[in-house]
Amino acid sequence: MTAGPKMRAGAATAVLALALLAVAVRAEDPYLFFDWKVAYGTKSPMGTPQKMILINGEFPGPTINCTSNNNIIVNVFNQIDQPLLFTWHGIQQRKASWQDGMPGDMCPILPGTNFTYKMQFKDQIGTFFYYPSIGMQRAAGAYGLISIHSRPLIPVPFDPPADDFGVLVGDWYTKDHTVLAKNLDTGKGIGRPAGLLINGKNEKDASNPPMFNVEEGKTYRFRVCNVGIKTTLNVRIQGHVLKLVEMEGSHTVQNEYDSMDVHIGQCLSFLSTANQKPGDYFFIASTRFIKGVSTITAVMRYKGSNTPPAAKLPDAPDGWAWSINQWRSFRWNLTASAARPNPQGSYHYGQINITRTIKLSPSRGKVDGKERYALNGVSHTDPETPLKLAEYFNATKGVFEYNLVTDTPPKEGTPIKVAPSVITAEHRTYIEIVFENPEKSIDTFHLDGYAFFAAGMGPGLWTVESRKTYNLLDTVSRHTIQVYPRSWTAVMLTFDNAGMWNLRSNLWERYYLGEQLYVSCTSPARSLRDEYNMPDNSLRCGKVVGMPLPPPYTIA
């Protein structure tokens, strides 16, 4: 029996459909799967046993080593006695604040349960890290490196290094995270850190065995993140030059430095060539801008070395001026490709008209006898119903009010209001945010969901005239920026990523006490081009439990 024309046409159509499906399957970006068992465990990072939060028994947690556009699936089993969330510091979560891991976006993973994050690290490269975002859990461990490599066909502006070293460095407290939280709740501070750690190791353990093994004449990449909660750090390598190549997801002009300041929440990559006499050398990190400098060293060993490091360490720089001048030397590499083939500098941020200026100033004071920090007079507190869910289900009444924070700071002495703090940003508008820091100590700020252009900084209060000092050509696109004492920093960005995004201080006691807010950026079109629907596996809590789903976003 021979096939007729209709049967042949149908078969051809089926073959074509299968071929297109095969192409689609082949074209899908790779998936990486992780199972994380998050539990308490005992470690001795400062030489004495203490209770910590571990991932699969490890500290630091597993490295997420991936390529741009990979799909990342992380199944988190919460085996501690507190609600848990992980946030992915610097990962933009395009159109998906559902996966951002902040208390304003997601219901927590309750003890004894699990939740699966489903993320795509879309059009990003560089060095990032993750950590728990609820309460003071960040001070108990459970952080780890995220290393995103360029796709094979996208050129990188330096030769492949001989090795790629992750360096998670930060201050450390020996007090239990619940004790730190209790101290803050009762009006006390968290005090000074007990010391510093590099990749979870103290001074003794970081040097024996050597942490970094190199060969003479070869060049190595060091991915450095300040994962602490209190102090700026300066990093350097004895006798070696640091060539900056990447900062928070952007390739940089490759300036060379003897040392580099890395502020809380910031990440960067530098290359260093093993071009000295074979031996052992110290990688050094030391605190900046606080009394009583703490220092930690780790050994970098040349192959075959039996020569110990020189006892004298190169000094860290002194004062604020050096740090500000170093920041001014950082430049975006306008000729390098980004995560896509187009040059990363093809976005001329300095030529876009600013549609709105938001000036934010932190303050602190007592509210009902308890210490609070605030931004523009409002100290954020997380409601039982996450802000994003309340907004999505049109159930904000009784949960939060928009725009309690105004675009300018209130008069000095205005009482602090404690409430969920959410400001609105019109979709795809270009906004300038000015951070003013009236404190005597440094602050750093991070915005989820975006990269911004840190255009300027200076002493005193910001004025319109301050714009004349901006770098409008090649400041680095990044997600975390420092604000020096009694100084200002201005950033600019397009709010093109619909969602609910946290803006916070990285000094974690300030974050815990309310120095944060959320930015709601909604798409009027309710289009899938702008934002994804709530994932099927999203947890529900608070007011939205049992509520029917709203009409889904569609392609408009």
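Note that Cβ sites are derived from N, Cα and C of the backbone, with glycine treated the same way.
Annotation source TrEMBL lists signal peptide at 1-27.
For the domain 'Plastocyanin-like' (38-151), the model's average pLDDT works out to 98. The annotation domain 'Plastocyanin-like' is assigned in TrEMBL to 38-151 (among others).
If you look up TrEMBL, you'll see 166-305 (among others) marked as domain 'Plastocyanin-like'.
As annotated by TrEMBL, domain 'Plastocyanin-like' applies to 385-522 (among others).
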Inset, instruction - Take the domain 'Plastocyanin-like' (38-151) and count its residues per DSSP category (helix H/G/I, strand E/B, coil), listing them in that order. - result: 7 helix, 52 strand, 55 coil
Legend entry - Counts of helix, strand and coil residues, the domain 'Plastocyanin-like' (166-305), according to DSSP: 14 helix, 68 strand, 58 coil
Inset, instruction - Could you give me the DSSP helix, strand and coil counts for the domain 'Plastocyanin-like' (385-522)? - result: 17 helix, 54 strand, 67 coil
